[in-house]
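Look at TrEMBL and you will find 98-402 tagged as domain 'YjeF C-terminal'. Look at TrEMBL and you will find G211, N264, V265, N266, E267, Y268, K269, R270, D333 tagged as (6S)-NADPHX binding site. Under the heading ATP binding site, TrEMBL lists 304-308, 323-332.
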Amino acid sequence: MPELRRPPPPISLRSSSPSLPFPPLFLFPVFSWNLEAAVYFGILREFMVGLSAAVIRRQQFLIRCLGGYSARCKNLSYTTIKMQSLMSGGGSSLEVDAISILRSITPSLDPSKHKGQAGKIAVVGGCREYTGAPYFSAISALKIGADLSHVFCTKDAATVIKSYSPELIVHPILEESYSVRDEDKKSISAKVIQEVDKWMERFDCLVIGPGLGRDPFLLDCVSDIMKHARESNVPMVIDGDGLFLVTNCLDLVSGYPLAVLTPNVNEYKRLIQKVLQCEVNDQDGTQQLLSLAKGIGGVTILRKGGSDFISNGETVSAVSTFGSPRRCGGQGDILSGSVAVFISWARQHAVKKELSMSPTVLGCIAGSVLLRKAASYAFQTKGRSTLTTDIIEHLGRSLEEFCPVSRQYS
């Protein structure tokens, strides 16, 4: 067996130039070192303190120089970047055991239960231009395990959405300004509320916003629906154009603990500007997210991104496992439907006083990790061509992996 070469005694590897954040490469021998030698010299530890993206990129380059493209180096590099992302939001301690949380609130399949006990979800959205988003949200709820999924949309969108799947219950009751005369708006708005109210007490959660559009009359009708949902103590997950509505009328959700907002980068920016009167500050991201949730009266906010951050104004949790680099449109719609289902399940545990966290926070964590897992599976198969429909098809497989179903009744 050839004699193992021991690394030379430790020496200072800090650059003599203050402009260089890493040691100059000429100090390293030409022969190939393994990763243990790099750790021995403390290189990785020194670079972990860097907080800029430039330092991370240089660190990755150095790791490749030392250890090549081995899977081990890739994994360590990914871990470093993930920790960097969490540091900017407040620390790696924010990461929660999302899979355990998902398992704790997912109900078992019991043949003694009847239709509806596993969740009844309603999506409010869908207009002439946008028919895919409400479908994605509603069908995702069914794929995860909800028993019934409704869509309240405009008449123009209803036939299209019905054609996507016979599994959805579609209500063509919403109207847009172009089809309503000014003198008829009040009576039509009253009819919309009357129709929704017939169903409201049956729903475990509403999803507001997928494919909603920004027609003024339509938004007025949805505002009334949200007020009635709040009076009925029905949870609401607000996404897409629903966030546009809420940002311009915060009273719709302010102080309502069963409201969940799921903003993307731009929607989060607008909320920060509206509520906190400042710009997004990722260096103090944790505190800013807490302040935003508190500023809207304790609603739960799921800030979507490379890592998802969830806060109800009291705590901040992070979910950064799994995921996909593909950013096809519609993934937020899957998330909104998923979160709605998990909130309805978490509230069943809350009634029994079995929870240590808010059901809205738990629902966001579970929905986030499930979507990430499904997106990961879809990307493994489809790569760059991954679409939202591909991700939806992996929701069941992902949930089955986390919570295997007993096959005794199959």
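Using the three backbone atoms N, Cα and C, a Cβ is placed for every residue, glycine included.
Take the CB of D333 ((6S)-NADPHX binding site) and look out to 10 A: across all protein chains shown you find 30 other CB atoms. The closest partner of G211 ((6S)-NADPHX binding site) among the binding-site residues, by CA position, is G330; the full candidate set was D308, S324, R326, G330.
Within the same chain, residues at least 6 positions away in sequence whose Cβ sits under 8 Å from that of R326 (ATP binding site) are A375, A378, F379, G383, R384, T386. The full span of the recorded (6S)-NADPHX binding residues, G211, N264, V265, N266, E267, Y268, K269, R270, D333, taken as their largest Cα to Cα distance, is 20 Å. With G306 (ATP binding site) as the anchor, the candidate binding-site residues are V265, E267, K269, D333, and the one with the nearest CA is V265. Taken together, the residues in the domain 'YjeF C-terminal' (98-402) have a mean pLDDT of 95 on the 0 to 100 scale. Neighbour density for G211 ((6S)-NADPHX binding site): within 10 A of its CB lie 27 other CB atoms from the protein chains shown. For the binding-site residues G306, G330, G332, counting C-beta atoms within 10 A of each C-beta gives the highest total at G332. Note on proximity: of the binding-site residues K304, D308, S324, the one nearest D333 ((6S)-NADPHX binding site) is K304, by Cα distance. Scoring each of the binding-site residues (K269, K304) by how many neighbouring Cβ atoms lie within 10 Å, the top position goes to K304.
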